[in-house]
Number of protein chains: 2
Amino acid sequence: MNVHSNSPRVEDILQRLRRAGHRITPQRLAILRAFADSHSHPSVDMVYAAVKPNFPTTSLATVYKTVVLLKELGEVMEIGFGEGGNRYDVRVPTPHPHLVCTRCRRILDAELDALDHLTETLAQSTGFRILSHRVDFYGICPECRRKAAH
Amino acid sequence: MNVHSNSPRVEDILQRLRRAGHRITPQRLAILRAFADSHSHPSVDMVYAAVKPNFPTTSLATVYKTVVLLKELGEVMEIGFGEGGNRYDVRVPTPHPHLVCTRCRRILDAELDALDHLTETLAQSTGFRILSHRVDFYGICPECRRKAAH
DNA sequence: TTAGGTGCAAATCATTTGCAATCTC
DNA sequence: GAGATTGCAAATGATTTGCACCTAA
């Protein structure tokens, strides 16, 4: 992705930012691009590291503030991890299952059609009004398994 | 539960502590009891608060150190929460689904027989070796729903 | 022009750690 | 008595906040 074109997802967010009365600063644009370009689920530090080379004056605090803003607008979903900081999903900012490799720390999206049905069953049997979920599977990704086998 | 008898779960853990060469200090005993007595999934602060009245000299650091020890021994499972600290499960210290009330912060265990089958399907379709999971449903518990309806 | 945004540095909050004093085995 | 454990206080690491300066609209 070159520096002068935005992905549809970035344009999308930019539009909503403007509509909500927020300003498009060069820092924000760079942070948005870093988020959208990241095919994994980046941490704040990863985004910061990706932004700094193109925009050396950007501060970590600004990345954090931008993340807060994007969370408020629902454009980013936070996945809480104890170690090494939270990770974020800009591509699919709604609850969905993840596959987390505990070796390389990569996070992949997973398909699990059965989940909706499961949620409903659980709601009925417990009386809970279920509004959201967090479904993460931890293990070793195919790549790391291959490496481990020499 | 009075101060002089231990639940089977506490006796269980005490035995394994001794067997692993760890000492049974009064602080540890009090912390273990607080963990086991708590029918919800307590945070370190909750355990600390429960221990202090009976054992005023106990320090937070000791509670933390005991938690580390219990985690290492597999007697306690940590459930990571960003806000307000992690929560712990001593009763069922292996991965299982939870129902989390976002209003009263209560955490309940859930039954979900379908999960094992689901995990296996996911492992096959993705090539991941799945070793663990974290399945949490967030919502409003029956009690909080009742209160909300006057 | 002027609110909103940035960046520094200091403040938080949960958790960990170093270490001398104190206990359990 | 020896080595593990405690408890204080200081260190850590992620995140937040206060505030003077800056800049997009």
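Cβ from N, Cα, C; glycine included.
Any TrEMBL annotation is an automated prediction that lacks curation.
So that you can see what the record holds, here are the features copied from TrEMBL:
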type: BINDING; residues: A:Cys101, A:Cys104, A:Cys141, A:Cys144; note: Zn(2+) binding site
type: BINDING; residues: A:His133; note: Fe cation binding site
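Residues near A:Cys141 (Zn(2+) binding site) in space but far in sequence (CB under 8 A, at least 6 apart, same chain), listed by position: A:Leu99, A:Cys101, A:Arg103, A:Cys104, A:Arg106, A:Leu108. In the structure as shown, the Cβ atom of A:Cys104 (Zn(2+) binding site) sits within 10 Å of 13 other Cβ atoms. In this entry, A:His133, A:Cys141 stand out among the binding-site residues A:Cys104, A:His133, A:Cys141, A:Cys144 as having a C-beta under 8 A from a C-beta of chain B. Annotation for A:His133 (Fe cation binding site): same-chain Cβ neighbours under 8 Å, separated by at least 6 residues, are A:Pro95, A:Leu115, A:Thr119. Taken residue by residue with DSSP, A:His133 (Fe cation binding site) is part of a strand. The Zn(2+) site is defined by A:Cys101, A:Cys104, A:Cys141, A:Cys144, and by the 8 Å test on Cβ atoms against their centroid, the other residues of the chain that qualify are A:Thr102, A:Arg103, A:Arg105, A:Arg106, A:Ile140, A:Pro142, A:Glu143, A:Arg145.
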